[in-house]
Amino acid sequence: MSLKEKTQSLFANAFGYPATHTIQAPGRVNLIGEHTDYNDGFVLPCAIDYQTVISCAPRDDRKVRVMAADYENQLDEFSLDAPIVAHENYQWANYVRGVVKHLQLRNNSFGGVDMVISGNVPQGAGLSSSASLEVAVGTVLQQLYHLPLDGAQIALNGQEAENQFVGCNCGIMDQLISALGKKDHALLIDCRSLGTKAVSMPKGVAVVIINSNFKRTLVGSEYNTRREQCETGARFFQQPALRDVTIEEFNAVAHELDPIVAKRVRHILTENARTVEAASALEQGDLKRMGELMAESHASMRDDFEITVPQIDTLVEIVKAVIGDKGGVRMTGGGFGGCIVALFPEELVPAVQQAVAEQYEAKTGIKETFYVCKPSQGAGQC
């Protein structure tokens with residue numbers, strides 16, 4: 001049974017009438033451009049065919065009822081006329097409440113709604129299940145009540161909800177790609193202007209995500225340290241963000257910087273340049289060049305930004321040995337575990353899967369999870 005059928009059937013059973021709309025919003029993977037978002041730089045994600053789906057209908061009062069199919073059909077109810085505060089027990093409900101609350105601040109011309117939510121974006125894998133949920137809820141209200149909001153505004157609303165209501169720091173990339181993703185394309189995003197450019201993906205190329213299943217422990221504290229180091233670098237150059245520093249300016253005075261800060265800055269500057277070039281390489285179908293850029297990105301994350309772990313490096317090496325110069329592979333996400341992303345011709349999928357199955361657990365003692373994805377459409381009706 002599809003997620004659409006599941007949520008529609010549950011909606012009718014739970015609420016006693018049929019849903020009027022079913023909305024989806026996808027998860028995402030970032031192909032290249034790591035830790036560049038909070039430096040006002042560039043990222044190149046694509047939406048994937050794992051999504052959050054919501055069957056819904058407007059109500060003629062001011063009540064919101066939400067059922068979470070993936071959490072034992074837990075039900076949350078709240079009123080649009082009372083202050084919206086955090087739910088004491090259901091963490092999932094706070095993503096919904098946060099989106100609704102922040103949407104009220106933007107445009108209060110919507111009424112009540114009934115929703116049933118289900119999703120298949122793997123949680124905790126760095127594939128943005130939370131952003132997918134936020135964008136789906138925002139799109140539900142926009143569609144049911146014809147709110148004059150575009151995808152970027154729905155994305156910004158989701159980011160605000162996560163930062164301010166849920167209390168989790170995140171950049172804008174995850175929500176933006178979920179809202180604006182385009183089938184068979186990646187999206188080059190300028191994280192300063194929020195300008196986007198759709199980049200066509202070569203035909204017959206698989207987007208493969210492999211979860212190392214290495215439990216991330218350092219990610220919070222180390223993430224904040226990296227942000228501070230980048231801000232220190234920007235201050236040294238008297239610029240608002242590292243986006244505004246050229247590699248030539250950096251090379252001329254790198255020796256004056258603290259050696260660790262210099263390494264962090266070098267990663268951001270070179271990663272930004274790689275990301276812009278990667279968009280061109282993809283558009284031209286040049287998988288060999290894309291592979292070189294992804295390899296450089298991984299080496300930079302490993303050696304200059306120091307956010308990879310041995311298990312991730314091992315996974316990358318296993319995949320690279322199979323695909324050679326026919327594609328690329330690198331760590332994706334915040335670091336210290338999580339996933340790798342690989343782009344290569346579809347016909348190599350079985351060989352890559354076999355090599356990883358035979359070697360990764362033997363070398364690390366951990367079993368991987370393997371996802372073959374398609375670049376997918378952003379949020380909308382399904």
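Using the three backbone atoms N, Cα and C, a Cβ is placed for every residue, glycine included.
For ARG28 (site 'Transition state stabilizer'), other Cβ atoms within 10 Å of its Cβ number 31. What Swiss-Prot records for ARG28 is site 'Transition state stabilizer', and it gives sequence analysis as the kind of evidence.
A C-beta separation below 8 Å, combined with a sequence spacing of at least six in one chain, links ASP37 (substrate binding site) to VAL43, GLY171, ILE172, MET173, CYS191. Feature annotation from Swiss-Prot assigns substrate binding site to GLU34, HIS35, THR36, ASP37, TYR223; the stated evidence is sequence analysis.
Annotation source Swiss-Prot lists ATP binding site at GLY124, ALA125, GLY126, LEU127, SER128, SER129, SER130, citing sequence analysis. ALA125 (ATP binding site) falls outside any helix or strand according to DSSP and counts as coil. In sequence order, ILE209, ASN211, GLY338, CYS339, THR369 are the residues of the chain that are 6 or more apart from ALA125 (ATP binding site) and have a CB within less than 8 Å of its CB.
DSSP assigns GLU162 (Mg(2+) binding site) to a helix. Annotation comment: Swiss-Prot describes SER130, GLU162 as Mg(2+) binding site, evidence class sequence analysis.
Counting only same-chain residues six or more apart in sequence, the Cβ atoms lying under 8 angstroms from the Cβ of ASP174 (active site, proton acceptor) belong to ARG28, PRO45, SER128, SER130, ALA131, GLN159. The annotation active site, proton acceptor is assigned in Swiss-Prot to ASP174.
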- Query: According to DSSP, which of helix, strand or coil covers TYR223 (substrate binding site)?
  - Reply: helix
- Task: Kindly assign ARG28 (site 'Transition state stabilizer') to one of the three DSSP-derived states: helix, strand or coil.
- Result: strand
- Give the sequence-ordered list of residues that share a chain with GLU34 (substrate binding site), lie 6 or more positions from it, and have CB atoms under 8 Å from its CB. GLU271, SER297, MET301, PHE305, ILE307, MET331, THR332, GLY333, GLY335
- Message: Just to be sure I understand the packing, how many Cβ atoms besides its own are within 10 Å of the Cβ of SER130 (ATP binding site)?
- Response: 22
- Non-local Cβ contacts of THR36 (substrate binding site) (under 8 Å, 6 or more apart, same chain)? PHE42, VAL43, CYS191, ILE268, GLU271, ASN272, THR275
- Message: Quick check: which same-chain residues outside GLY124, ALA125, GLY126, LEU127, SER128, SER129, SER130 lie with their CB within 8 A of the centre of the ATP site CB atoms?
- Response: GLY27, VAL121, PRO122, GLN123
- Integer Å distance between the CA atoms belonging to HIS35 (substrate binding site) and GLY126 (ATP binding site): 13
